[in-house]
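Read the structure below first, then the notes.
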Amino acid sequence: MLNAAIMAAEEGTSPLAPNWWEFLVTLAGFAVLMFIVIKYVMPAFEKTFEARTAAIEGGIAKAEAAQAEANAALEEYKQQLVDARTEANRIREEARAEGAQILADLKEKAAAESARISEQAHVQIEAERQAAVVSLRAEVGTLATDLASRIVGESLADDARSSRVIDRFLADLETSSQSAGAAK
Amino acid sequence: MIALALPAATTEEGFVAPTIEDTHYRDILPWGDAYGVWFDPGFGKQMLMVILSVVLIAAFFLVASRRHQLVPGKVQFLGESAYGFVRNSIGKDIIGGRDFMRYVPWLFTAFFFVLVNNIFGAIPFLQLPSFSHPGSAYAIAAIFYLLWVGIGVQKHGLRYFKLAVVPSGVPWYILPIVVPIEIISNFIVRPVTHSLRLFATMLAGHLIVTLAGSAIEYMVMTGNILLQGTSVLVLLGAIAMYMLEVLIMILQAYVFTLLAAIYIEGALHADAH
């Protein structure tokens, strides 16, 4: 041990004894490197990082804007769809109401028309009946007078008398036919 | 150190183990010898490698950060990942707050400076971790020692030293014991371990590989067939140790930067601890 210690002492260098030139070179090297790092390397890297962050954030903002736009468009389309449905329903309702109205109108018109036609028919029938009655009365009177005068000769030529007789006869005929209708 | 010197005392037995001296390659430019000046500013391999590391790191990150493309290419992506790792995983997570960005350049520079210089130890022909030389380890630890003490003083004034050594919530009668411990722990042990941890792991790893290499050489040269056969086992072991060393090189760069960040955070928020 002692021998070794002496030998180490004789060698003159402890492993812990620095070479001061190496010390200085290391200091200088560190200083130079740090200067380069501060002056060139770090600003360049930081600039790139910032640009990248900005680009990513810009991209995100853009994507968000696009998303918002798409959502707005979707909302708009949905609204339009709802509007269109409402419109369609409204139109359908209107058409239905209109159809019903038209139908009712037509029915009313048809009823009025039929009423009018039947009324007209009644009037015409009545008029024709009256005409028929009048003409019948005249004709029957004439026929009966002719017949009677032929049967009894010219005794019945006096107009006034004959028409009185015929009227009485027809009135009797009417009352008997009416009482017969009532009895029926 | 004595243990490391021991094998050298057994020279008669044949195998001469490499010593610390072997990690100091002879100077490329032995100025001191040439000009006979009192100091010897010998320009060694280690210094050349430190400078090389600065050139490599600067070149890589300048190229990687040159084009600010939103969709990065391979080199830019690699550079951004590396930068983002130190910035976020170490700076933001440890220091946090609003002003962690002020300290990111320190951490970023330290991480890659240490990492590349460590990795040099795993590259054939370079094959020397720069921080296995104590001068470099002291230098980079001193930078951070001054930095976090400076941050503490700037942030809290001279009250920082009281905040750093007098823990809150400790009964007054324990303080005489606690305060000296805190002084030693915070202002002496901390920077020393910060540097020695890096230095010792790098030196140890380097020595193991060197030892294995020289042992294989010795075994092969003996002409003894058994020893020559055994050298294959040593080679396999050396390869395994080499892989472990690569892991430790990366890990120590991370640990060094992480501790630096923790110390800075401690100085920033000395009043909260």
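One-based numbering along the chain as shown.
Cβ from N, Cα, C; glycine included.
Per TrEMBL, the features are:
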- B:47-64: transmembrane segment (TRANSMEM)
- B:103-123: transmembrane segment (TRANSMEM)
- B:135-153: transmembrane segment (TRANSMEM)
- B:160-179: transmembrane segment (TRANSMEM)
- B:199-220: transmembrane segment (TRANSMEM)
- B:232-264: transmembrane segment (TRANSMEM)
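Contact counts against the transmembrane segment (B:103-123), taken as Cβ pairs under 8 Å, peak for B:232-264 among the stretches B:47-64, B:135-153, B:160-179, B:199-220, B:232-264. Beyond the transmembrane segment (B:199-220), the same-chain residues lying 6 or more positions past its ends with a Cβ under 8 Å from any Cβ of the stretch are 4, 14-18, 20, 22-23, 118, 121, 127-129, 131-134, 136-138, 227-228, 230-231, 234-235, 237-238, 241-242, 244-245, 248-249, 252. For the transmembrane segment (B:135-153), the list of distant contacts is 46, 50, 106, 110, 113-114, 117, 160-161, 163-164, 187, 190-192, 194-196, 198-199, 202, 256, 260, 263-264, 266-268, 270: same-chain residues at least six beyond its ends, Cβ to Cβ under 8 Å. Sequence-distant contacts of the transmembrane segment (B:160-179) (same chain, six or more residues past either end, CB-CB distance under 8 Å): 152-153, 186-187, 266-267, 270-271, 273.
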